[in-house]
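All remarks here apply to the structure that follows.
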């Protein structure tokens, strides 16, 4: 190595030790190693570059020839020419050259020619930038810089000097040119993307995103401001990609399963003799499918993680060298500068690499979430009836909300499973090289922390599971209370319900307290671990031998390594926890994806109705809801033909299989044998009307273009015009969740109108007239279903209990126990005197013979008149210029608002007051004690190690005394940390208790109008998600935020004390830091808010789709609903993805500041040593070791600021619903009625008027009535006439707008609501039961004995209760 060779004229390497001036590499090293490195880098990665280009080629067209592209190719050509000139000079003209002088210009020439080819190929494939190409030029720039230094020192020969001076600056220029991406063709139809159209350096620094934080700092962002989602991250692309890898595996699994099933079972489920070879096939691997989808991204991220983990151990080595430099008086100045630059360069390289790694992994996690969400939705639309019965709506929604979300969260951490062991092994090897076997006690302590963490996690998990059950119980109870709020208010049961919810809440908080206490203990151990490990290792080191001297190098390098070891060791316990959850989520998702699907072969469908004279054909059909239980077929031996355009009626007793017959026609049942044929497009009206959270009109048109003429006919025929007249905004009125603001009859008619509007060929009607009044039913039958109705030319299959509607049927099918037992016309079946005849007799007894023709005429007259009004309203709306804003005002349920601007300081004060101000201040003080003693311990170690520095000349303290004081300082530090967490725990519990209780109390005090205009999901969100955030997230955010702020202050203080010169750069670095905060925080805040707002529609649409899956399939709208779901998911993912990008954008910039702190700490230490400013090796160790941790802390601090802002919004949201307007007082002490009131029960209404909410029309107008004692009064009227409003007015559920109601001479307005409502009773329209005991449902106040309650049950139709009367009524659960 130290001698010249034939190949070179000087040695390859010489030692730099002892050189006072800046040395240089030998020319041999420059022209071999430094020449081959960039070329070798390009050569090795060239195949990957070609693969990248070929993959991009399928998505984009060729790039245009732009000046930038041409210039870059010309520069590469010039550089190649320059290299050829050097080759010619060295080979043919100059004397004394060696072989290396002829080889290195040829290598350069090949390098530049390869780059010309790469540029040409990129243009051909549509690749705007290449990281490999840019990095190879950057490496060339670094590797040729030593030659620049050499040429400046040695200008001879002049020709080579001139050529190199024309070579090196052009490389800089080329590097700059590659900072910009090539432009795409302006007329290209492919997607336009700021991210995909940016250069490699742009993407590496996430510069393309910068415009959004700039915009976010100036205004509140909305969806129009956000970048569009790339096609590669869209649901459409990722859903298809998932199916590409999942479907073949799923198909193979089903084939194996079918083969085994065929061998093991007979046709009707009788188990045959199974062979030893028979076994259930293993389910396809979901993880493997996901890996195959993202293998390139995953492997790229793995490579980056290896580089990052390796580079993080360069800083302890460089710290060792820097401390050695400071300790040695003879060390040259350039060495210190070199170490400072190297520490900065290594730290910055690692920052860029680790951020690129996280960027890829977080993006992959979001892509997995998108793909699995799309897959879960599509699978839900294909689930068979048997599979659907096994999974509730809540379970399926949880798959998307919890399991898919967990896959997204664990993806960025998945590489830690190999990375943690790698980091631990690397650190241990380095530690043993530094401390020898003395590192063993420290390593043992670190290893012991792993089981402590695991056991602690298990205990916490157990208590958290119990807490989650209580939380579910509380949420369920709140949900039941909200759903039955009308009944609760009518019965004046608010107080016991509130107490019941609060008692569950107290048990929940007790478990939170237990789990958090254990977590605090574990956190204290983990935080104290570096100190404990250092104390054990240093103690062993100094006590094991007098020859072992604790120098600053050994002390601070070891301490840095122990700090680096803490993160992977702590992560191990967390990974074990995550692994268990991942296995559970993986199993649940696999179980769902492998569930039975509807078999398309159940029904042979032909959309062309004219292809056959028959619309429906059943040939010897047996069908079952569950294909695994086919022995008990729901339908048996069905043979039926429905002619095209005919009207068929299906009748029978409840549960005989009528609805199942329609479901079999739709393909919802599994066909066991026989054949079913359907010809023509199908419309389906289910028994339970399925209504979407859209306007009435949108529910009816159901995605079909609006046709005013046909629409009017449908509305008139379905008797909806009178309803439109009473709806606040006619047919543009928004329908609430599950049709909450419609009656059962209205929902049924809208469901029927939807089917009629579609103008399909075959109509399957499942008892649509059962929910409407008799005269309305007759109107609908005459104008829609009957011989003269709108559907007279269509095929109609009507399931009905109203046997009068069967008179006009061309054929009646009578069913019993899944079999057609009679068929024929109306008259012929009556003559037979069979089952149909008996059904008719029973029906005649229970029905009125009187036909209310006048009512029918009234409806028709009213409908015609109202249709004209409806048209007028529509015309007016159409002409209104502010239609959009007008329609927004019409919404019954307003869109949930997105908070604007920063969170008000009042909200923070509300949280601190709820937590207890003295408790919060005590937490801050004890945490300051912890940080102060941590700093003292570091300076003590500095002083201790300085005594052992060769340059130290003062008096030395006893080593054991030093060790004992070091341990004492660390112990006080740990106790301070534990106490601070304890105070924070109690403060958090106070806040949780004091924010939840007023929320529940205020909800109980809210008027019914509040619940009519506020979706229950929105209220439940406050009671569950927001309260959970207050319980768990906010205390944790507060802890980490305070920790980060204190750490930053402590670090800067330590560095300034160690190297006072550092104070010069604090202000500019702080200004840059604040500037980044100014851009990031408002942007992140608004992105999180947009993400939160756009999450709800995904789950709402999903839940809605699950409820209406049969209807969606029947109408053939599965594809459209999948697209609608994908649009909602893409909107949500667009916010989430950009939120993730904003975190990476910030991290790149803040880590740069942190790396500058490291650089200046090392640089100023070098200057202080050079200028003899009294800096010691120990102080440099403290300063730089603290600086090495600041990069992560700076980034984490801003993230915590953002998280605190995002999560404190939950306090704002809870306080919002804790301060809504209340109804009247429950009890007015000065105006309480007599105890025996009311005595007679006389009710008098005097000019009484009322409305549901301010701003709405009156629903009761100037009512005058005088009901005498003991009178029985019936109130009748059509839908919406005000019957229920009268009852609500009596109980003051709605307050009077004028007049009064007197009961026994007392005005009801003058007394408290509970005094009124407890004295009245009502049997509500919708029965409501609450989870709990029978006693709780009958007597929540506990006022009556068990005997009294049993007697009340015996008076009702509860003959069965005597079987349980021996039990305590409080022990019977509902």
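Including glycine, each Cβ sits where the backbone N, Cα and C put it.
Note: TrEMBL annotation is automatic and uncurated.
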Key: Stretch carrying transmembrane segment according to TrEMBL (options 873-891, 892-910, 1006-1024, 1063-1081)   = 1063-1081
Note = Which range of 1126-1145, 1146-1165, 1206-1225 is transmembrane segment in TrEMBL? It is 1146-1165
Key: Long-range environment of the transmembrane segment (1146-1165) - Cβ separation under 8 angstroms, sequence gap at least 6   = 205-206, 315, 322, 326, 336-337, 339-341, 343-344, 347-348, 351-352, 355, 358, 1051, 1055, 1058-1059, 1061-1062, 1065, 1069, 1072-1073, 1076, 1080, 1084, 1175, 1180, 1183-1184, 1186-1188, 1190-1195, 1198-1199
Task = Spell out yes or no: are there three or more C-beta pairs under 8 angstroms between the transmembrane segment (69-90) and the transmembrane segment (158-180), with each pair 6 or more apart in sequence?
result = yes
Request  = Determine which residues of the chain contact the transmembrane segment (524-545) at the Cβ level, with the cut-off under 8 Å and only residues 6 or more beyond its ends counted.
outcome  = 431, 435-436, 438-446, 449, 452-453, 554-555, 558-559, 562-563, 565-566, 569-570, 937, 941, 959-960, 963, 966-967, 970, 973-974, 977-978, 981
Message = Under 8 Å between C-beta atoms and at least six residues away from its ends: which parts of the chain pack against the transmembrane segment (158-180)?
response = 68, 71-72, 75-76, 78-79, 82-83, 85-86, 89-90, 93-94, 129, 133-134, 137-138, 140-141, 144-145, 147-148, 151, 199-202
Ask   = Taking a Cβ cut-off under 8 Å, which residues six or more beyond the ends of the transmembrane segment (102-120) line up next to it in the same chain?
value = 31-32, 35-36, 38-39, 42-43, 46, 49, 69, 72-73, 76-77, 79-80, 83-84, 86-87, 90-91, 130, 133, 136-137, 140
